[in-house]
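Working notes, beginning with the structure itself.
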Amino acid sequence: MLEKRVMHQIRNAVKALEGYQNAEPLSRFLTKFYKSNRQMGSTDRRVTSRLCYNYFRLGRAFTDLAVEEKLVVAEFLCEQQSDIVAVHYPAWNSEITQSVTAKIALVEERYGKFIHEVFPERSQLSSEIDTSEFLPSLFVQPKLFIRVKREKLPEVLRILERAEVVHEHLGEQTIAFPNGFNVASIRKIDGMYEVQDLSSQKTQSDLRLQAGEKWWDCCAASGGKSLMLLDRCPDIQLLVSDVRFTILRNLEERFQQAGFRPTDYRQKILDLSKPVTYLMQGEQFDGILVDAPCSGSGTWGRTPEMMAQFDPKSLTRFTDLQRNITKNVLPFLKSGGQLIYITCSIFADENEAITDYIQEDLGLKLIKQEHLLGYHDQADSMYIAHFQKS
């Protein structure tokens, strides 16, 4: 009976993986896959999702193995219990609760060295990344983190305790949950928090904000860091911009859900890959936040399919864009103003190399740079550099 169920689970996962063409995020594809395979129940869907994500956590390793065998290896490395491992590799089943590092050693006894093949372009990693810790972390699902509104923290903690929700209060406004937890199911805390990774929350820990200052979040995307700015200092004058109207429309909805009105900020559609002098009308800002478009390599623990999809040639496209954006926003930064450069990348070309460019070519003074090494905390890894204009 167990073997029959395991074979059914593997067939479902293989079918999904064979249908995935790397043209969209895996999560979006799986949603469509389940809609077109309505015979799959909730357990089938849950197991198939787990198997597919674990499969992609192997990155670029084991390219010579059949999909079915890779699924078993991935299950062993990523899970603490697995019927698939029990059926296919019984000798490993008694070892499945060992640490990831110990399990990597067991896999290498059978298949040879593989760990350095998992992550693409390993030679391009920033020197601060400790691969002996980072690479094993790729087999562990990151946690779900929320940032609670400052004044709502005691109430949120009380509600979570009463509901007996497994959580960790990490200090300040941060709460962590096991990955996969549906925080939206706790309806009593609606509007009291934002889903935001731990490292992302740390990007403003050293930021100096004063009421009345003008700030520009120039690559605002979904608005997470803008919301954090307003939470820290509601009386700043904030401009948010991005390249597409649809992005700003989604941002507007998120701001509204968080309790902010359109009069609390301004927004502009701007393509910062080129100069925007004619659109900015001589505006000057006390601070500019450049949460730059990047490879996202520090977040691939959440989207492991990217390890197999990543095209190294795209790095040049990202670094060119990062240089252009920082150059094109600089005319609008006041003398003495702050520029905060942020990526969710762990590649040196997108981090230290851009910091060198901002210092040497654009003439800003580096105040501080830091790698936020999320793999210590089951979180994303990010980079932040804080500059001042003379």
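Each Cβ is built from the backbone N, Cα and C atoms, and glycine gets one as well.
Taken from TrEMBL as is:
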ACT_SITE  CYS344  active site, nucleophile
BINDING   ASP242, ASP271, ASP291  S-adenosyl-L-methionine binding site
DOMAIN    115-390  domain 'SAM-dependent MTase RsmB/NOP-type'
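The most crowded of the binding-site residues listed here (ASP271, ASP291) is ASP291, judged by how many other CB atoms sit within 10 Å of its own CB. Across the structure, the residue listed as 'active site, nucleophile' and ASP291 (S-adenosyl-L-methionine binding site) are spaced 9 Å apart at their Cα atoms.
When Cβ atoms from all protein chains are considered, those within 10 Å of CYS344 (active site, nucleophile) total 25, not counting its own. Its Cβ placed at the centre, ASP242 (S-adenosyl-L-methionine binding site) has 24 other Cβ atoms within 10 Å. Look at CYS344 (active site, nucleophile): DSSP puts it in coil.
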